[in-house]
Amino acid sequence: MSASSPAERRQRAQQLPPLRAEDDQAIQRFLDRLWAEQGVARQTLDSYRRDLEGLARWRDGAGGGLQGADRSALFDYLRWRTEARYAPRSNARLLSTLRGFYALCLRDGVRSDDPTALLDPPRLPRSLPKALTESQIDALLAAPEIGTPLGLRDRAMLELMYAAGLRVSELVTLPAVAINLRQGVLRVTGKGSKERLVPLGEESQHWLERYLETARPTLSERKAVPAVDGQVPLFIDAARRPLSRQQFWGLVKRYAAVAGIDPDTVSPHGLRHSFATHLLNHGADLRALQMLLGHSSLSTTQIYTLVARQHLQTLHARHHPRG
């Protein structure tokens, strides 16, 4: 059974009742604690809010609302989402959000039990990261029309994402001060507010310099760019605002079509996968790759070794006389 489309999910969300004030307050307290105690990124907090609002609206105040939900109610909600064709990975993330929320309720004495304790996460199929070929990457990066300020910005963004292996949330929220062109490095604040230094590479540094020298001043009309969360964004639109993840997603799809690549096979995260896969194919060390990607666990990085192994097997089958 295939996962539901974004349009189908929006339609289902519109059919649910509005959020109750008590549930909204409980959700906001949870998010405020995460931000204050763990420094969770804004995009992650937005995802948690959507997860909790979905459950709260589905329950519509039954049995004490969101904070009063029991194991049976949570099981019914997960079953409803499964029948509504939400992807297993989406349901797994929801359960992770619920575990955090009810752990806080338990800690604060709002309730005396954890209704998620005996809930099993959905089984996730093991899927290998999908990487573009190096020739496809070349075509994709060359797709923007660099004769325009927006096209030059897009070229710089694509080059940087592939050169540094950034997450899309890291790219669109990147502050201008994170770039050090003189030293050729980028300071990235990743998940859990962990910082890492990533080399830029000659190509991405070249396009960043061109963007900063010509395109960005034109887009900002040579006015000061407003700060967001206390920092001035590096990449901006014609209204001097940072791009959203959805905007960049649309740009990647559009340029994939220009490059002659099926847009359905390309995503911003695919550039990060390509970065990792191509480095391994060219002999990069797994520990070094872990540091560049900002993975807290080496096991997360090791999945790329399977992709690299597949690449070697394909080369062997294609070129060895007895392959």
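Along the chain as shown, residues are numbered 1 onward.
A Cβ is built for glycine as well, from the same backbone N, Cα and C atoms used for every other residue.
Among the features that Swiss-Prot reports, domain 'Core-binding (CB)' is placed at 21-106, with the record citing sequence analysis. Look at the domain 'Core-binding (CB)' (21-106): DSSP puts its residues at 71 helix, 0 strand, 15 coil.
According to Swiss-Prot, the domain 'Tyr recombinase' annotation covers 127-317.
Annotation source Swiss-Prot lists active site at Arg167 (among others), citing sequence analysis. Residue density at Arg167 (active site): 21 other Cβ atoms are found within 10 A of its Cβ, drawing on all protein chains shown.
Summarising the annotation, Swiss-Prot assigns active site to Lys191 (among others) and lists sequence analysis as the type of evidence. Summarising the environment of Lys191 (active site), the number of other Cβ atoms within 10 Å of its Cβ, over all protein chains shown, is 15. In the three-state DSSP reading, Lys191 (active site) counts as helix.
Listed in sequence order, Arg167, Val168 are the same-chain residues six or more apart from His269 (active site) with CB atoms under 8 A from its CB. Among the features that Swiss-Prot reports, active site is placed at His269 (among others).
Arg272 (active site) has a Cβ environment of 22 other Cβ atoms inside 10 Å. The annotation active site is assigned in Swiss-Prot to Arg272 (among others).
Feature annotation from Swiss-Prot assigns active site to His295 (among others). DSSP assigns His295 (active site) to coil in the three-state reduction, placing it in neither a helix nor a strand.
Here Swiss-Prot flags Tyr304 as active site, O-(3'-phospho-DNA)-tyrosine intermediate, drawing on sequence analysis.
When pLDDT is averaged over the domain 'Core-binding (CB)' (21-106), the result is 88. Other Cβ atoms within 10 Å of the Cβ of His295 (active site), summed over all protein chains shown, number 18. A gap of 12 Å separates the Cα atoms of Arg272 (active site) and His295 (active site).
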